[in-house]
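Notes to accompany the following structure.
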Amino acid sequence: CDRARQCLLRVSSVWLSGFYSNFTDSYRVADQLGLMHYMETLMLITAAEYVAPTSDENVTVMDTEFSDVAVRLYLPRKASDGLRRAVVYFHGGGWSLGHAGMKPYDHLTRWTSNRLNAVVVSVNYRLAPKYHFPVQFEDVYSVTKFFLQSSILSQYGVDPDRVCVAGDSAGGNLAAAVAQQLLKDPEVKTKLKVQALLYPALQTLDLNLPSYRENENKPILPRLLMVKFWSEYFTSDSSLREAMASNRHVPVESSHLFQFVNWSNLLPEELKKDHVYTSPTYGSSELAEKYPGFLDPRAAPLLASDAQLRGLPLTYVLTCEHDVLRDDGVMYAGRLQAAGVPVTHDHAKDAFHGVMMFVLGPAKLAVGYRLLNRYVEWLNENL
């Protein structure tokens, strides 16, 4: 029952809550004292999770570069009857954190390569606050475009008809944006077979969706931290962060874009609950002029028109009930289906944001393993 599920979630997140509370206090103090930018504080945590590229009996692992962008490459050692499948993966971390070599990501991509006997390219795109949009997008796009060249696919024994882009959280955002951009690029002849989006961030317009309201203060990704990530993707100017926090950042000239994120039309009734939709409160045109990226579909794929969604590949979308980004994924899955794109929408009612990272060490959770296996099984069946 729902009550039992809530209790289970609460028990399993005790460790996460304690970690998040202690960590939040630490980075706030550091930021306030001017000792360190808070994103740099977070980076220290992620750096501690780094593992060197280590091959095993199943997979050869190496760090290299594709199109001058750092990648971690996983090459299966098993024999193959023919050409192999391939996954180009983008890690999460709010466009500001993370690394392909973090233990959970190394485990995920190594497991994917081993289970699918597939080549996996895990991309280390440049990060905020040193770099802002569109740098992160351009990095992952250039790697994908480079890899999709027939000569490169041939070099690694990859079937050009069996390539996927995938990512989680901010990486899911980048994967969705890459898939959209490839449709417009006449230089790319190879088409993606599938895209897999794991609890993706997909829109910048409305940061007061029902999922943002219900999960405002939950562990891992509370609303204000997501606002920080979104704003930092575009600028370190605090004025954008403050406007986003009050949901007053979109200028009236861009009002037509709200049709693409209007949750009163796009969410199923069970997710609307007793929430009441209110018309947008518009903000300053000056912010949008200075930082136009937050209105760009390459940063917010849900802002693409219905016509631009047609032709996208077979899609897997994972959403989690206890996640501020839940409604982004739900709305995108619905819009893709309406546009004629075949979609598998996997909604986990007992999960929270980033759950697939909790499959190792002291934070090992059964729900993380379950969803990781479901994702890889879907790839195995559809790629």
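Cβ coordinates come from backbone N, Cα and C, glycine included.
A TrEMBL annotation is a machine prediction, not a hand-curated record.
Quick look at what TrEMBL lists:
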ACT_SITE  Ser169  active site
ACT_SITE  Asp323  active site
ACT_SITE  His353  active site
DOMAIN    87-246  domain 'Alpha/beta hydrolase fold-3'
DOMAIN    294-356  domain 'Alpha/beta hydrolase fold-3'
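Residues belonging to the domain 'Alpha/beta hydrolase fold-3' (294-356) score a mean pLDDT of 98 in the model. It is 11 Å from the Cα atom of Ser169 (active site) to that of Asp323 (active site). Figure note: comparing Cβ neighbours within 10 Å for the active-site residues Ser169, His353, the maximum is reached by Ser169. With respect to their backbone Cα atoms, His353 (active site) and Asp323 (active site) stand 5 Å from each other. Broken down with DSSP, the domain 'Alpha/beta hydrolase fold-3' (294-356) shows 24 helix, 19 strand, 20 coil.
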